[in-house]
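To keep things clear, I will list the structure first and then write my remarks on it.
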Amino acid sequence: MKFLRNKIDQLKKPFGKGEKWEKLAPAINALDTFLYVPNHTTKKGAHIRDAVDLKRTMITVVIALIPALIFGIYNTGYQYLHQLNGGDVAFMDAFMHGLWKVLPIIVVSYGVGLAIEFIFAIYRGHEVNEGFLVTGLLVPMIMPVDIPLWMVGLSVAFAVLIGKEAFGGTGMNILNPALVARAFAFFAYPTYMSGNKVWVSEASKVDAISGETILGSLAAGHDVHFSMFDMFSGAIPGSIGETSTLLILVGAAILILTGVGSWRIMFGAVIGGAVMGLLFNLWGANALMSFPWYEHLIVGGFAFGVVFMATDPVSAAQTTKGKWIYGILVGFFCIMIRVFNPAYPEGVMLGILLMNVFAPTIDHYVIEANIKRRKKRLAASKQLKTA
Amino acid sequence: MSNDIRIRKGLNINLKGAAEKVVSEAPRVKTFALKPTDFHSVTPKMVVKEGEKVKAGDVIFYSKYSEKIKFVTPVSGTLSEVRRGAKRKILEVVIEADSQDVYREFGVKNPAQMSAEEVKAFLLESGCWPFIRQRPYDIIADPEDTPKSIFISAYASAPLAADIEFTLQGREEDFQAGIDAISKLTTGKTHLSVAKGSSSFLTGVKGVELHKVSGPHPAGNVGVQIHHIDPVNAGEHVWVISPEDVAIIGTLLRTGKFDATRTVALAGTEVDKPQYYRVKIGSSVRALVDRSDSIDIRIISGDVLTGDKITVDGFIGFYDNTVTVIPEGNDYRMFGWLPFKDNNIPSMHHTSLSWLFPNKKYTVNTNLNGEERALVVTGEMEKVMPMDIYPMQLLKACMASNIEKMENLGIYEVAPEDFALVDYACTSKIEAQDIIRQGLDLMIKEVG
């Protein structure tokens with residue numbers, strides 16, 4: 001191992017301080033630190049540090065995404081082959097078809113995003129932040145499978161440039177970058193992002209294939225011919241990674257057990273979504289409203305959005321109390337927009353983006369309460385002195 | 001009267017190399033130093049020149065902007081060197097010690113018969129004033145103030161820190177005399193806190209309000225105790241003093257001599273025999289750690305969370321009663337960022353298995369275990385901050401130099417040491433203590 005280390009140190013020499021390619025150091029460091037945790041020691045402050053770092057945190061999220069991703073790849077092929085040929089579909093056949101479709105999207109997403117991240121790191125002279133490891137995988141998982149690759153690249157570029165770097169980079173963005181990418185694609189190219197032709201591979205080309213989602217069917221007044229088990233296990237049309245509530249729950253368990261994702265936000269959102277669904281059930285004016293509240297929670301992007309999108313610590317509320325409020329409101333608005341949106345029968349993206357915008361306001365009021373307590377204490381102590 | 005304080009948030013970091021409860025006399029060292037850098041925001045004005053003889057207790061320098069505050073030598077000898085750094089800033093005033101100490105006589109006093117003004121004058125003259133520090137700002141107390149209360153924490157919860165009840169053994173009368181004098185300085189109460197379940201003489205000290213504290217670190221931090229007992233509001237002052245310094249003041253009152261003896265815990269995995277030693281303040285650390293290969297070890301004057309890095313030729317800090325020696329962590333770890341890898345490194349985060357074994361004792365080094373990043377993860381700082389304060393928001397206010405916000409979020413109630421665990425726990429490896437220190441300095445400059 002020593003040999004490899006020496007080799008890398010030798011390779012890095014021209015990137016050192018005062019050397020020829022000093023400016024490019026962040027790029028080479030980003031690659032090196034993926035092999036080795038660097039030999040940096042503490043300079044100021046506490047002399048010992050926790051074993052955790054941002055890489056470890058972000059990789060944990062990527063690991064939590066993997067079960068849903070693998071199922072998403074399989075489901076892409078399954079939906080296509082099942083509708084085309086009917087009957088049972090061999091796992092490998094479905095998986096290979098899905099991989100052929102999904103892998104290029106992932107490659108484009110990472111390629112474009114990381115290129116921009118590296119350029120900005122070099123330009124600004126800071127190290128490459130690991131946040132895009134997650135964003136780069138989230139983007140493909142929330143896109144319809146037939147989206148043209150150039151659209152993926154453009155959306156990612158927009159999200160990283162306007163959604164993140166324009167605000168000052170990682171940690172400063174207001175909106176979840178992956179959702180910004182989806183929102184950009186949604187508003188810029190609506191025909192590729194909605195309707196009943198995009199949610200299954202090749203649905204727009206082959207007449208025998210219907211690309212309609214369950215929510216789409218409900219909005220159009222069609223019958224839903226999927227069982228609740230299909231909805232839960234994920235054998236339904238939809239964005240690549242969003243369909244399997246079961247495997248998203250596996251991811252949620254990983255996030256909660258490792259403490260990386262906020263359980264408060266997840267539970268809050270489930271409570272908020274359930275209550276809103278229940279209220280609509282009571283009202284019951286149309287098919288979407290009378291769709292059972294518990295099925296609202298397992299179809300569409302709700303589970304995926306709540307577990308992986310709403311919990312993004314940068315764009316969510318940051319205070320403990322704020323996380324509860326934020327979570328509940330996310331659930332609330334996701335279902336409300338889903339039911340009321342006349343153009344598009346899904347509201348998770350817009351619901352979470354809306355709450356991203358309001359998260360700082362929620363935090364503001366939570367912190368204001370703390371400030372009020374402090375001011376009250378000061379007033380009480382002043383009164384004591386004059387009395 | 002006793003009040004219990006139970007702290008729930010925080011973190012005990014269990015480390016190997018705790019000092020065994022045995023006290024030895026350290027071999028007499030030749031060189032001592034007063035480090036003006038130990039006294040934050042003090043600009044020293046030298047009184048003694050290089051080459052002059054001094055007795056233990058003689059004034060070496062005083063504070064340029066508060067001339068009453070004097071700093072005295074802990075030993076008798078010759079002032080051999082004034083070491084300066086950038087812009088001729090004085091870093092160390094080195095004293096070459098005589099083989100036997102000769103003391104300057106201050107006269108025996110009976111604290112019971114002294115007025116507050118007399119106590120103050122006596123402490124200032126004898127060089128004991130720097131022992132008293134104030135909150136807010138964590139600097140030496142202003143002699144013109146009268147604090148609303150005085151706090152003494154005899155509960156050391158930091159990793160490998162010296163057990164104060166052990167180091168104070170046998171100094172019962174000195175401690176009581178010190179308390180009798182110091183308690184006159186406030187119009188309010190003098191608070192003494194001990195670990196819950198303590199049975200030492202400290203529980204029977206007269207003239208104080210006793211508090212029994214339990215819970216994980218930073219429960220022993222005096223700032224945390226102040227927050228829960230008598231929080232500092234804007235415009236108020238609280239003074240703090242460490243228990244051993246109370247005993248030093250007591251000795252001075254009872255004997256008339258400034259006997260700057262400290263019982264220091266020498267701890268850490270790089271120490272052959274971790275135990276307690278009796279040394280004078282400012283002693284060269286070479287007496288305790290005699291290693292020439294100082295390359296791969298780190299010597300810390302203080303505990304691993306708040307102490308200062310010193311070299312093997314360095315000196316123990318004025319306020320420190322712990323010296324910790326741990327290995328430097330200047331090595332690479334392949335794929336060390338993978339979750340659940342390297343579980344021998346302590347972690348409070350659940351992305352490592354080490355949090356499952358809170359009672360296991362760990363060997364730690366000084367590796368940063370990552371690189372500095374933007375603040376992303378939320379909620380982790382709150383877990384180690386047992387105060388009604390939002391740590392991340394306060395840190396951001398300090399970074400932005402937003403004075404009004406800092407004041408609103410409670411800057412007056414914190415000291416850098418209260419953010420030591422934030423340093424430790426932060427995923428993004430920010431220097432929280434440094435940011436708070438700069439924030440406090442800004443407040444001193446702008447608000448005063």
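All residue numbers here begin at 1 and follow the chain in the order shown.
Cβ coordinates come from backbone N, Cα and C, glycine included.
Within the same chain, residues at least 6 positions away in sequence whose Cβ sits under 8 Å from that of A:Thr213 (FMN phosphoryl threonine) are A:Asn196, A:Trp199, A:Ile236, A:Pro237, A:Gly238, A:Val299, A:Gly300, A:Pro345, A:Glu346. What TrEMBL lists as FMN phosphoryl threonine is A:Thr213.
Residues annotated as transmembrane segment in TrEMBL: A:58-81 (among others). Long-range contacts of the transmembrane segment (A:58-81) within the same chain, counting only residues at least 6 positions beyond its ends with a Cβ under 8 Å from a Cβ of the stretch, are 89, 91, 93-99, 101-102, 130-131, 133-134, 137-138, 141, 145, 200-202, 209, 234-237, 240-244, 247-248, 250-252, 254-255, 258, 260-261, 304, 308.
What TrEMBL lists as transmembrane segment is A:102-123 (among others). Within the same chain, residues 23-24, 26-27, 30, 72-73, 76, 129, 132, 135-137, 139-140, 143, 145, 147, 149, 152-153, 156-157, 159-161, 165, 169, 240 sit at least 6 positions outside the transmembrane segment (A:102-123) and bring their C-beta atoms closer than 8 Å to a C-beta of that stretch.
As annotated by TrEMBL, transmembrane segment applies to A:143-162 (among others). Residues 76, 101-102, 104-105, 108-109, 111-113, 116-117, 132, 135-136, 177-178, 180-182, 184-185, 188-189, 192-193, 198-204, 239-240 of the same chain lie 6+ residues outside the transmembrane segment (A:143-162) yet bring a C-beta within less than 8 angstroms of a C-beta in it.
The transmembrane segment annotation in TrEMBL covers A:235-258 (among others).
Summarising the annotation, TrEMBL assigns transmembrane segment to A:265-285 (among others). Long-range contacts of the transmembrane segment (A:265-285) within its own chain (CB-CB distance under 8 A, at least 6 residues past either end) are made by residues 252, 255-256, 291-294, 296-297, 302, 306-307, 310-311, 316-317, 323-332, 334-336, 339.
The transmembrane segment annotation in TrEMBL covers A:291-311 (among others).
According to TrEMBL, the transmembrane segment annotation covers A:323-341 (among others).
The transmembrane segment annotation in TrEMBL covers A:347-367 (among others).
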Positions whose Cβ lies under 8 angstroms from the transmembrane segment (A:347-367), at least six residues beyond its ends: 142, 174-176, 179-180, 182-183, 186, 300-302, 304-306, 309-310, 315-319, 321-322, 325-326, 329-330, 332-341
